[in-house]
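*Asks:* Straight out of TrEMBL:
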| type | residues | note |
| --- | --- | --- |
| ACT_SITE | LYS16 | active site, charge relay system |
| BINDING | THR63, ASP64, PHE165, ARG182, VAL237, GLN238, ASN264 | urate binding site |
| BINDING | THR63, ASN264 | O2 binding site |
| BINDING | THR63, ASP64, PHE165, ARG182, VAL237, GLN238, ASN264 | 5-hydroxyisourate binding site |
| ACT_SITE | THR63 | active site, charge relay system |
| ACT_SITE | HIS266 | active site, charge relay system |
Amino acid sequence: MADLIEGMKFEQKHGKSRVRVGRVWRKEKDGKHIFVEWNVNISLFSNCLSAYVNGDNSDIVATDTMKNTVYAKAKECSEVVSVENFAIELGRHFTSFYHQVTTAIIKIVEKPWERVCIDGQPHEHGFKLGSERHTAEVTVKKSGSVLMTSGIEGLALLKTTMSGFEGYIRDKYTLLPETRERMLATEISTSWRYSFESLSTVPIKPLYFSERFLDVKKVLVDTFFGPPREGVYSPSVQSTLFYMAKAVLNRFPDVASIQLRMPNIHFLPVNLPSKDSPNIVKFEDDVYLPTDEPHGTIEASLSRPQSRM
Ligand SMILES: O=c1[nH]c(=O)c2[nH]c(=O)[nH]c2[nH]1
């Protein structure tokens, strides 16, 4: 995608960021409304070199046009659509409608609006904001080849036991006591790449990717916690991360790779010494000081042998 200009390499792309759109689908049958809110980022690789070097804009897709296209395509979706399929639709449009555009990268973050329940009953048109966000990134080429990833941002998980950290390198700077009993808290960011490589092989079932998103999230959460009564022991964030990644690849054949970022958010034991014993507060796995920073950063990716990350 690089051009040679006066013996120098030149690469460019342009797009529109943070295009926010809300979409309601009103179901005639059961009166239920479905609502999504998306934040869309568009990036186009296109042959518009003349704009840069000659001031000639005749090959430019205006970023304002890109923004308007988001609203037009949202309007065109007469049925509920997954965030992944909406990204594909935009990518397909930009690469097929404009001869100048060779590749479109569409990133979308969905805001976690959830249907409320009133007196145990799902509300027809009432929503509240949840926590973790669903993300999608789709790259579409003019040839019809695709790269698809989905992800989760801000999935905060915590368990009050069944976690420890022992046996690590000790040197003169090491003060951390070894333990088999600690709190484990994290805020997971993850993205997984699907193995579909062309538009023609992407599943056509509506909401396929919305269901996959929920299934992957469930496998990640279940693996983090283990069974409800006994849980599962975590010897480190690293080990838990690896088992979570492995569980996803084992369970979903169409996931080619997964990346996980799991900060280790520390809850520090509280001990308040007293001049006269006993201490005002003696830590007995009960009172903690929650912290945001500093925190550990643990990240890794796991891929099937033949896959690109
Ligand atoms: O699970 C952990 N992994 C680490 O790498 C680490 N380092 C640390 O100080 N505490 C922890 N905990």
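Just so it is clear, glycine is given a Cβ too, placed from its N, Cα and C backbone atoms.
All annotation found in TrEMBL is predicted automatically rather than curated by experts.
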*Asks:* Please report how many Å separate the Cα atom of VAL237 (urate binding site) from that of HIS266 (active site, charge relay system), as a whole number.
*Replies:* 12
*Asks:* Can you tell me how far the Cα of PHE165 (urate binding site) sits from the Cα of LYS16 (active site, charge relay system), in Å?
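*Replies:* Cα-Cα distance, PHE165 (urate binding site) to LYS16 (active site, charge relay system): 45 Å.
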*Asks:* Which recorded positions, if any, among THR63, ASP64, ARG182, HIS266 have a Cβ under 6 Å from ligand 1, given in order along the chain?
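*Replies:* Going through THR63, ASP64, ARG182, HIS266 in sequence order, none turns out to be close to ligand 1.
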*Asks:* Going by DSSP, is ARG182 (urate binding site) sitting in a helix, a strand, or coil?
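*Replies:* Reduced to three states, the DSSP call for ARG182 (urate binding site) is coil.
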*Asks:* Let's check the environment of ASP64 (urate binding site): how many other CB atoms sit within 10 Å of its CB?
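*Replies:* So the number of other Cβ atoms within 10 Å of ASP64 (urate binding site) is 9.
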*Asks:* PHE165 (urate binding site) has how many other Cβ neighbours within 10 Å of its own Cβ?
*Replies:* 20
*Asks:* How many other Cβ atoms sit within 10 Å of the Cβ of ARG182 (urate binding site)?
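*Replies:* Total other Cβ atoms inside 10 Å, all chains included: 21.
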*Asks:* Given a separation of at least six residues and a C-beta threshold under 8 Å, show me what packs close to ASN264 (urate binding site) in the same chain.
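*Replies:* Result: LEU184, ALA185, THR186, VAL237, HIS295, GLY296, THR297, ILE298.
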*Asks:* Cα-Cα, whole number of Å: THR63 (urate binding site) versus HIS266 (active site, charge relay system)?
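*Replies:* That comes out at 43 Å between the alpha carbons.
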